[in-house]
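Participant: Take this structure first; my questions come after.
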Amino acid sequence: MKDIILTGDRPTGRLHLGHYVGSLKNRVKMQNEASYEKMYVMIADSQALTDNFDNPGKIRENLVEVALDYLSVGLDPNKVTFFVQSQIPELTELTFYFLNLVTLSRLERNPTVKSEIKLRNFENSLPAGFLIYPVSQAADILLFDANIIPVGEDQEPMIEQAREIARSFNNIYGKTFVEPKAVLPEAKIARRMPGIDGGAKMSKSLGNAIYLADDKKTIKKKVMSMYTDPNHINIDDPGKVEGNIVFTYLDVFSKPEHFEKFLPDYENLDALKDHYRKGGLGDVKCKKFLIKVLEEELEPIRQRRMEYEKDLSKVFKILEEGTAKARKVGEEKVSQVKKAMGINYFEDTDLIKSLEEKYK
Ligand code: TRP
C-alpha cells in the first residue's frame with residue numbers, strides 16, 4: 001500500500017521559521033519524493049475556532065496568510081491537495097460518530113489538551129468544542145485514510161487518540177479505517193527552533209518569531225537584536241557558542257558555500273565557532289553573516305509570496321479546487337462508514353426486501 005500523507009495547521013497567524021524548519025521544509029521534500037499515493041495539507045480553521053470562537057475575524061484573515069505561506073515555500077498544488085477544514089461537512093459528520101467512541105476522562109487525560117486548557121485559562125469554563133478537538137482531528141486524518149502524519153512532538157497524543165478511535169471503530173463496526181502513524185522531524189533542532197530571544201521555542205505569542213513573510217529590513221532588525229552570549233562583552237572576550245542563538249541559526253541554515261561567498265576568511269562554521277570561543281570575533285560580524293545566510297533562504301520565498309499576493313483569486317481557486325477534490329474522497333468514505341454502521345437506509349437496496357420478508 002502506498003502512503004497517504006496528511007498534515008495541517010491552524011490559521012491563527014503567519015507561519016515562521018519554527019514552522020519552516022520543523023515541518024514546511026520537510027513537507028516540500030516529501031512532496032518531491034513521489035513515493036506516496038496522495039498528500040493532503042489542510043488549513044484547520046474549524047479547529048482554530050475551538051479556542052478563537054470569539055474572534056472569527058482572526059481566522060478568516062489568517063486563512064489566506066497560511067495559504068500564501070504554503071505556496072511561497074514551494075508546496076505545489078499539482079502535487080499536494082490543499083483543503084479548508086470547515087468546507088468539508090463530512091468531517092463534522094464523522095466527528096459526531098467518533099464522539100461515541102471516546103470517554104470524557106480519556107479526553108481530559110490527553111496531555112496536549114491538558115496543557116492547552118491551562119494555557120488558555122479554560123479550567124473553569126471549558127468549551128466542549130475545545131475539549132473534543134482531538135476527536136475532530138482524528139476525523140481529519142481517518143476520513144482520508146491517511147497513514148503518515150508528519151507533525152511536531154506536541155501532536156503525538158492526537159495521533160495516538162486517532163489510532164485508538166480507528167481501532168475502536170473497526171472492532172465495533174468492522175474494518176473501516178487504517179491506524180495512522182505520527183512521523184516526527186529527525187533533527188533535534190527541528191523539533192524546537194528557539195526564538196530570537198534565547199531559550200524558549202519560537203512562537204507568535206512570545207513575540208520572538210521571524211516570519212517567512214518578514215521583509216529584509218525586519219529580518220535585519222530581528223537578527224541584530226538576537227540573543228548571543230551575555231558574557232561576551234568585548235570582542236576579545238572568549239565567547240560561548242552553545243545556547244548562542246546566532247550560532248544555533250547558523251547550524252540550521254548555513255551551508256559551506258555561504259562561507260566562500262560571504263565570509264571567505266573562514267573555511268567553515270567550525271572555524272568560525274573556534275574563533276568565537278577563543279575571543280576576537282564580534283557578535284556583529286556573526287550577525288551580519290547570518291543575515292546574508294537567512295536572506296539566501298528567504299528571498300526566493302518572499303518573491304514567490306509576492307507573485308501570489310498579486311493573484312489572490314488564484315490562491316482561492318487552489319483552495320477551492322483542492323477542497324472539492326478532498327470532499328469527493330470524504331463523501332466516499334462517509335458512505336462506507338454509514339454502511340458499516342448500518343445507517344445507510346436509503347442506499348441499502350436489501351433493506352426493504354428483508355423487511356418485506358419479515359412482515360410477510
Ligand atoms: N492540531 C494541529 C496543530 O495545531 C493542526 C491539525 C488539525 C492537524 N488537524 C490535523 C495536524 C490533522 C495533522 C493532522 O498544529
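Each residue, glycine too, has its Cβ placed from N, Cα and C.
Please treat TrEMBL annotations as automatic predictions, because they have not gone through curation.
In case it helps, TrEMBL gives these features for our protein:
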type: BINDING; residues: ARG10, PRO11, THR12, GLY18, HIS19, GLY152, GLU153, ASP154, LYS201, MET202, SER203, LYS204, SER205; note: ATP binding site
type: BINDING; residues: ASP140; note: L-tryptophan binding site
type: MOTIF; residues: 11-19; note: motif ''HIGH' region'
type: MOTIF; residues: 201-205; note: motif ''KMSKS' region'
Participant: Would you kindly list the residues that approach the motif ''HIGH' region' (11-19) from elsewhere in its chain, counting only those six or more residues past its ends and only Cβ-Cβ distances under 8 Å?
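Facilitator: Distant contacts of the motif ''HIGH' region' (11-19): 43-45, 48, 52, 58-59, 62-63, 65-66, 69, 193, 195, 201-204, 209-213.
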Participant: Do me a favour and check the Cα-Cα span between SER203 (ATP binding site) and ASP140 (L-tryptophan binding site); whole Å is fine.
Facilitator: 24
Participant: Including all protein chains shown, what's the count of other C-beta atoms within 10 A of the C-beta of THR12 (ATP binding site)?
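Facilitator: The answer is 21.
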Participant: Excluding near sequence neighbours, so keeping only residues 6 or more apart in the same chain, what lies with its CB under 8 A of LYS201 (ATP binding site)?
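Facilitator: Same-chain residues close to LYS201 (ATP binding site) (Cβ under 8 Å, separated by 6 or more) are GLY18, ARG192, MET193, PRO194, GLY195.
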Participant: Taking the residues the record says bind ATP (ARG10, PRO11, THR12, GLY18, HIS19, GLY152, GLU153, ASP154, LYS201, MET202, SER203, LYS204, SER205), how far apart in Å are the two Cα atoms that sit farthest from each other?
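Facilitator: 19 Å is the greatest Cα spacing among the residues binding ATP.
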Participant: Of all the binding-site residues given, ASP140, GLU153, which residue's CB has the most CB neighbours within 10 A?
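Facilitator: Checking each of ASP140, GLU153, the winner is ASP140.
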Participant: Cβ-Cβ under 8 Å from HIS19 (ATP binding site), same chain, 6 or more residues apart: which ones?
Facilitator: ASP9, ASP69, LEU212
Participant: Sort the binding-site residues ARG10, THR12, GLU153, SER205 by C-alpha distance from ASP140 (L-tryptophan binding site) and give me just the closest.
Facilitator: ARG10
Participant: Got a sec? Which of ARG10, THR12, HIS19, GLU153, LYS201, the binding-site residues, have CB under 6 Å of any ligand 1 atom?
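Facilitator: The binding-site residues passing the 6 Å Cβ test are ARG10.
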Participant: If you average pLDDT over the motif ''KMSKS' region' (201-205), what do you get?
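Facilitator: Here the mean pLDDT over the motif ''KMSKS' region' (201-205) amounts to 84.
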Participant: Starting from each candidate's C-beta and looking 10 angstroms out, tell me which of the binding-site residues SER203, SER205 has the most other C-beta atoms.
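Facilitator: Result for the most crowded candidate: SER203.
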Participant: With an 8 Å cut-off on Cβ-Cβ distance and a minimum sequence separation of at least 6, pull the same-chain contacts of ARG10 (ATP binding site), or say none.
Facilitator: ALA44, ASP45, GLN47, ALA48
Participant: Pull the DSSP breakdown for the motif ''KMSKS' region' (201-205) and write it out as helix, strand, coil residue counts.
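Facilitator: Helix/strand/coil tally for the motif ''KMSKS' region' (201-205): 0 helix, 1 strand, 4 coil.
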Participant: Per DSSP, what is the helix/strand/coil residue tally across the motif ''HIGH' region' (11-19)?
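Facilitator: Going through the motif ''HIGH' region' (11-19) residue by residue, I get 3 helix, 1 strand, 5 coil.
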Participant: Helix, strand or coil: which one is ARG10 (ATP binding site) in, per DSSP?
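Facilitator: Note: ARG10 (ATP binding site) is coil by DSSP, not helix or strand.
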